Amino acid sequence: MALLPILEFPDKRLRTVAEPVTEFNDELRQLIKDMFETMYDAPGIGLAATQINVHQRIITIDTSEDKNEPLVVINPQFEVLADETEKMQEGCLSVPGFYEDVVRPNKIRLTAQDEQGEEYSLEADDLLAVCIQHEIDHLDGKLFVDYLSPLKRNRIRSKLEKLHRQHA
Ligand code: QAP
Ligand code: CO
């Protein structure tokens, strides 16, 4: 098992569009274990492979209270199921210390594969629906700060750049 280093905004590598997973092997399953370990350690409720500089369409999620409902999301697609939206305060392990409101559809159907390559589909609402969309954005090189005003985004960028200089 291993904790993996997490890329932080405004790292350009977070803008990489991830490739579909084609091989469901032990190497993939080990990577997923390490992603869960990294996510639970943070602690976080979602992690996309992009954030650990692996540009494949892999996500780990656990939005449960007791952190005992791991969800493996590979090659995801989703459709919006209702016109309703949800305004939720989002954070991100790649934007540490910053939380801002983002509006997204709050009911979706996710279709994805698990770590064996088995396809599944589930309906998600509220926090899980938001988290799935946030993580799929990562696979497309998008971050929640992209939904904020340029002023807010630039303030966050400056503060994180300053922290990164201090820790360099
Ligand atoms: C995405 O984010 C998410 O700033 C997952 O210092 C978040 O797990 C979707 C975290 C909220 C919907 C709502 C953030 C940990 C974790 C931080 C996370 C931090 C430590 C973020
Ligand atoms: Co994130």
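Numbering starts at 1 and runs along the chain as displayed.
Glycine residues also receive a Cβ, built from the backbone N, Cα and C atoms like all the rest.
Not measured: the values here are computed from a predicted model.
What TrEMBL records for this protein:
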ACT_SITE  Glu135  active site
BINDING   Cys92, His134, His138  Fe cation binding site
Cβ neighbour count within 10 Å of His138 (Fe cation binding site): 25
DSSP-derived structure type at His138 (Fe cation binding site), helix or strand or else coil: helix
Proximal but sequence-remote residues of the same chain as Cys92 (Fe cation binding site) (Cβ under 8 Å, at least 6 apart): Phe9, Phe98, His134, Leu143, Phe144, Val145
Environment of Cys92, His134, His138, the listed Fe cation site - residues of the same chain whose CB lies within 8 A of the CB centroid: Gly46, Ala48, Gln51, Glu90, Leu93, Ser94, Glu135, Asp137, Lys142, Leu143, Phe144
Cβ contacts of Glu135 (active site) (under 8 Å, same chain, 6 or more positions away): Gly46, Leu47, Ala48, Ile59, Ile61, Val73
